[in-house]
Amino acid sequence: MRPGRGWLGLAAALLVLLSGVLLAFSLGRYPVSPADLLRVLAAKLTGAPTGLSPAVEAVVLQIRGPRVLAALLVGSALASAGAAFQGLFRNPLVSPDILGASTGAALGAVLGIFFSLGILGIGAASFAGGLLAVAAVYAIGSALRGGDAILALVLTGIVVGSLLGAGIGLVKYLADPYNQLPAMTFWLLGSLAGIGPGDILPLAVPVLAGTAVLLLLRWRMNVMSLPEEEARSLGAATGPLRLAIVIAATLVTAASVAASGIVGWVGLVVPHLARFLVGPSFPRLLPTAAILGGGYLLLIDTLARTMAPIEVPLGILTAAIGTPFFIVLLARARGGWS
Amino acid sequence: MILEGRGLAIGYPGRRVGEGLDMALAAGRATALLGPNGGGKTTLLKTLLGLIPPLAGEVRLDGVPLAAIPIRERARRIAYVPQSQGAGFGFTVFETVLMGRTAFASPFARPSTSDEEAARTAIARLGIVRLAERPITEISGGERQLTLIARALAAEPAVVLLDEPTASLDFGNQGRVLREIGALREAGLAVLFTTHDPNQALRHADAVAAIRDGRMIESGPARDILLRERLERLYGTPVEEVREGERRAFLPG
């Protein structure tokens, strides 16, 4: 790490975030210029009239504003959780759903749709599903005594995830093919199209709380990425730390999936990009990944709603952009992780 | 004695690796742990570190049972230099050495200036200042081993346990690492290292313990233990002895 590279990388991430926000407002059926955006926000804060048409205000405050916030929160959450898990599991190919958070949340959501729980009910079922899945994986993985604790967790995650996937298949098979199945399919593909002002709070509270915990623990994540016994010999209480990181990362992942459906690849690609910018050390990596993840997902979401006459599902775009991008990263890394 | 294990049975629940083991480490003295692969050297090291509890017997640090000492307090007194592995994230040498100060801060706190100072001092002591900002994935195995020793020293410990510090190092780097181990002993630390090479023990250790099949078959001053017939028995292979005046060396086979 050359001195100064850290600040440059953080500045680059902030630039992506800022340009993402400006592009998101100025593109689409109702473009909002940066000047109008600032005017509406200033008016909202001071209570003074904007002098702009109510339509612009509605776009900023009711429609696009919440969607932009949701994209920032979801992208940031998935990237932070991904970075934390890649460190914790000492594997750069790990994504936030390694312990079944996404699959559990997906099963919760399709069950919610199956039982016609309504928008809020589906979100709650999804969030609960994600938390329950990881709790089950953690309980089973920790009960498997002897051997490598991390390996036990990963293998349990794979097994439980596969079972949950079968559950999703079963619910889809049983679902009403004209009414429920399209909703399930759309949800599983991931989208922020349905986000309204009321969706922000249930997303923001767990995401901000979980991200805050991860950021607070970032000074310990370097040592947590060492082999277990080595970390303990250095004085790290690996058991409690691992549990805290898993809970925080699961909280943000489950809340994200509950709000946006399955949006893959962000949690895998963005931490790599952030490592490329600021190096692997978590005190710098984690804030950079959080900022970059928000900007990255916002840019992709803007593309999703503007590139075609109809919305392209977000999860399809993140995969279509993420995979080639990831291959390029792997080729550049020449087998190394940094 | 700083670190002392008495009547230790070592291993994991359901898998006993060794028993009846005694080990005592004193300040300013180096002990070499010899023995064939799979004989229990690393397991004994982990037991002395408190990473795995002894199945019987007790490890004491300054007379206090290791199990009664909080993990952070223990990490400040006993440092561990694990066998260096290539894989992992490319933290810089400085970031790696700074991890040696983990036990000095709360889990939510950033390293203090005194932590960074201790890391810099340890890096200077090992003579790797020019590597400080290099990723550990891009330096040589010998330099990585020196980095891990610096990380152990950053905690300013009283005891250092090294697991095969010269394994997979070339001849020159073996010399560098062994000189640093000698310097630790000179500085008054209690040192224990495992090795496959009796000559390293002969040259750099005050005492030698030899473990085979989980039992301590030799233990005592290096000059008394490191004899041709005893090594032949330990490793089960013929050994040739080379003498020059007072100095001795052994050649396997």
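Every residue, even glycine, has its Cβ placed from backbone N, Cα and C.
Caution: TrEMBL annotation is automatic and unverified by curators.
According to TrEMBL, the protein carries these features:
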- A:40-61: transmembrane segment (TRANSMEM)
- A:68-89: transmembrane segment (TRANSMEM)
- A:109-138: transmembrane segment (TRANSMEM)
- A:150-175: transmembrane segment (TRANSMEM)
- A:195-217: transmembrane segment (TRANSMEM)
- A:243-270: transmembrane segment (TRANSMEM)
- A:282-300: transmembrane segment (TRANSMEM)
- A:312-331: transmembrane segment (TRANSMEM)
The transmembrane segment (A:68-89) vs the transmembrane segment (A:312-331): 3 or more CB pairs under 8 Å: no
Among A:40-61, A:150-175, A:243-270, A:282-300, A:312-331, stretch most in contact with the transmembrane segment (A:109-138) (C-beta, under 8 angstroms): A:243-270
The transmembrane segment (A:195-217) versus listed stretches A:40-61, A:150-175, A:282-300: most Cβ pairs under 8 Å: A:282-300
Contacting positions for the transmembrane segment (A:243-270) when only residues 6+ beyond its ends and CB under 8 Å are counted: 70, 73-75, 77-85, 88, 93-97, 99, 101-102, 104-106, 108-109, 123-124, 126-131, 134, 138, 186-192, 195, 199, 202-203, 205-207, 209-211, 213-214, 217, 221, 224, 289, 292-293, 296-297, 314-315, 318-319, 321-323, 325-326, 329
